[in-house]
Amino acid sequence: MPKDNLNVLNALDGAKTQWYHFTAIIIAGMGFFTDAYDLFCISLVTKLLGRIYYHKAGSSTPGSLPSNVAAAVNGVAFCGTLTGQLFFGWLGDKLGRKRVYGITLLLMVICSLASGLSFGRHPNDVMATLCFFRFWLGFGIGGDYPLSATIMSEYANKKTRGAFIAAVFAMQGFGILAGGMVAIIVSGAFKAQYPSPPYFKNPNGSTVPEADYVWRIILMFGAVPALLTYYWRMKMPETARYTALVAKDAKQAAADMSKVLQVDLEEERQLEKPGEKRGNDFGLFTTKFLSKHGLHLLGTASTWFLLDIAFYSQNLFQKDIFSAIGWIPKAKTMNALEEVYSIARAQTLIALFSTVPGYWFTVALIDKMGRFRIQLMGFFFMTLFMFALAIPYHHWTLPNNRIGFVIMYSLTFFFSNFGPNATTFVVPAEIFPARLRSTCHGISAASGKAGAMVGAFGFLYAADAIGVQKSLIILGVISLLGMLFTFLVPESKGKSLEEMSGEVEQENGNQTQGGRQSSTEIRIA
């Protein structure tokens with residue numbers, strides 16, 4: 001690596017933590033706030049959709065989405081997310097992080113609004129339209145994963161890099177929490193304004209016509225935080241690492257960095273021609289990449305895949321688990337809006353007391369404990385609590401033990417977030433070369449969404465076919481496998497991105513080609 005580029009990157013690694021770092025966390029993090037809100041708010045309204053569009057006259061139980069429709073509504077956004085992660089991850093390395101960063105946010109705004117405006121004369125038409133817009137919503141969400149992680153890792157100094165990337169991802173917890181709170185407020189307001197009897201007293205009257213507005217408002221609210229951060233996202237400059245290492249423009253990298261960080265850079269002359277290629281710029285589909293980073297990519301992709309099977313199964317279908325143990329009243333004892341309120345309250349409590357704290361424990365400790373220890377510990381406790389719930393499952397369904405079940409279930413969320421749910425996001429943004437960083441993060445994240453699809457589709461049918469107890473045992477085994485694959489992932493605590501990716505080692509031999517010498521003077525303010 002030419003010394004000039006190395007000096008620019010050393011300045012980034014050594015820059016003190018300052019206000020712009022926190023601004024970047026908020027700008028990137030609000031994308032993840034929106035991601036989580038949009039992905040998980042659907043689980044709050046699927047019961048309501050069933051009551052509104054699939055009510056059967058004379059039935060003793062409220063209407064519910066057919067299994068195939070429920071699987072599509074819950075899982076179609078993950079299909080879009082997987083596609084978006086691969087596409088925008090690749091595009092972020094080809095065109096630069098900033099150029100495509102705003103596209104993902106606009107797509108999320110438009111499709112959040114469109115999801116709430118889903119139309120049709122027949123129930124299946126409404127569901128098909130909803131699924132169409134949620135696919136493209138997921139496509140935009142998918143782009144946010146590799147771009148936000150890569151941008152934050154490339155802005156951060158090496159001392160607190162893990163905490164900064166984890167803080168961006170931790171905004172997911174607030175997004176899940178916000179989804180529950182919005183659903184509580186909206187359903188509570190409509191419930192007070194349009195009172196109705198429970199289903200067992202009046203099946204037709206238990207779902208007021210105005211309930212159709214409730215799910216639409218909840219879905220459309222996801223556009224608000226994304227829209228609020230669009231302007232600030234567009235003002236962010238390209239990351240200095242991309243400009244220096246991929247675009248080969250150290251002078252522009254220095255200028256960009258000087259604008260946002262308290263680092264003075266004086267460039268006398270350009271050392272690399274923009275777009276210049278060197279022989280060691282190996283691509284993704286090469287034996288050199290396979291030998292240097294193949295196992296790393298297998299480790300980040302496999303652990304994220306296994307984690308998301310368990311994590312999204314729990315999140316999307318916690319309402320079914322809570323109903324199975326009696327924590328949420330039986331559907332026929334409530335009207336439609338009461339059911340939304342009860343489900344949202346349960347999700348909000350879980351998010352408040354386990355999901356959100358778990359994320360921020362990771363933020364606080366990741367640069368002290370390291371990524372490897374936190375991920376291994378998280379998978380271990382997820383495995384432990386899954387088996388502790390599943391093996392004596394009948395015990396937990398007894399009325400006197402239901403609170404204990406909820407506590408144990410909450411702990412699995414806590415250790416997934418103070419564990420692999422955060423670290424699987426952080427590590428792929430640190431260990432791959434700059435020219436492939438966004439792509440490799442996108443591949444790892446897409447593997448995670450493949451796992452989420454397994455969870456969204458598989459757990460739905462598994463819970464019906466083999467019951468909740470055996471499904472929980474399967475999730476415990478999956479968490480155990482996650483522990484084993486964690487050993488493929490290297491520790492990146494305290495190391496520079498170039499040290500982890502091997503770019504310093506790879507490129508040192510070409511420092512003096514063509515007589516180019518260093519001429520950068522750097523003062524860190």
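Cβ coordinates come from backbone N, Cα and C, glycine included.
Annotations in TrEMBL come from automatic prediction, not curation.
According to TrEMBL, the protein has these features:
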- 507-525: compositional bias 'Polar residues' (COMPBIAS)
- 24-494: domain 'Major facilitator superfamily (MFS) profile' (DOMAIN)
- 498-525: region 'Disordered' (REGION)
- 20-45: transmembrane segment (TRANSMEM)
- 65-88: transmembrane segment (TRANSMEM)
- 100-120: transmembrane segment (TRANSMEM)
- 126-143: transmembrane segment (TRANSMEM)
- 164-190: transmembrane segment (TRANSMEM)
- 213-232: transmembrane segment (TRANSMEM)
- 343-362: transmembrane segment (TRANSMEM)
- 374-394: transmembrane segment (TRANSMEM)
- 406-427: transmembrane segment (TRANSMEM)
- 439-460: transmembrane segment (TRANSMEM)
- 472-490: transmembrane segment (TRANSMEM)
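Here the transmembrane segment (406-427) has Cβ contacts under 8 Å with residues 145, 149, 162, 165-166, 169-170, 173, 300, 303-304, 307, 310-311, 314, 318, 321-322, 325, 327, 350, 353-359, 361-363, 365-366, 371, 374-375, 377-379, 381-382, 385-386, 388-389, 396, 444-445, 448, 482, 486, 489-490, 492 of the same chain, all six or more residues outside its ends.
By the Cβ criterion (under 8 Å, sequence separation of 6 or more), the transmembrane segment (100-120) is in contact with the transmembrane segment (20-45), since 3+ such pairs are found. With a threshold of 8 Å between CB atoms, the same-chain residues lying at least 6 positions outside the transmembrane segment (164-190) that come near it are 21, 24-25, 28-38, 40-41, 44-45, 148-149, 152-153, 155-156, 208, 210-211, 213-214, 217-218, 221, 315, 337-338, 340-341, 343-345, 347-348, 351-352, 355-356, 358-360, 362-363, 366, 417, 421-423, 425-426, 429-430. For the transmembrane segment (126-143), the partner stretch with the most Cβ pairs below 8 Å, chosen from 20-45, 343-362, 374-394, is 20-45.
Remote same-chain residues near the transmembrane segment (439-460) are listed as 67, 70-71, 74-75, 78-79, 81-83, 85-90, 92-93, 142, 145-146, 149-150, 284, 293, 297, 300-302, 304-313, 316-317, 424-425, 428-429, 432, 471, 475 (criterion: CB distance under 8 Å, separation of at least six residues from the stretch ends). Among the stretches 65-88, 213-232, 343-362, the one making the largest number of Cβ pairs under 8 Å with the transmembrane segment (20-45) is 213-232.
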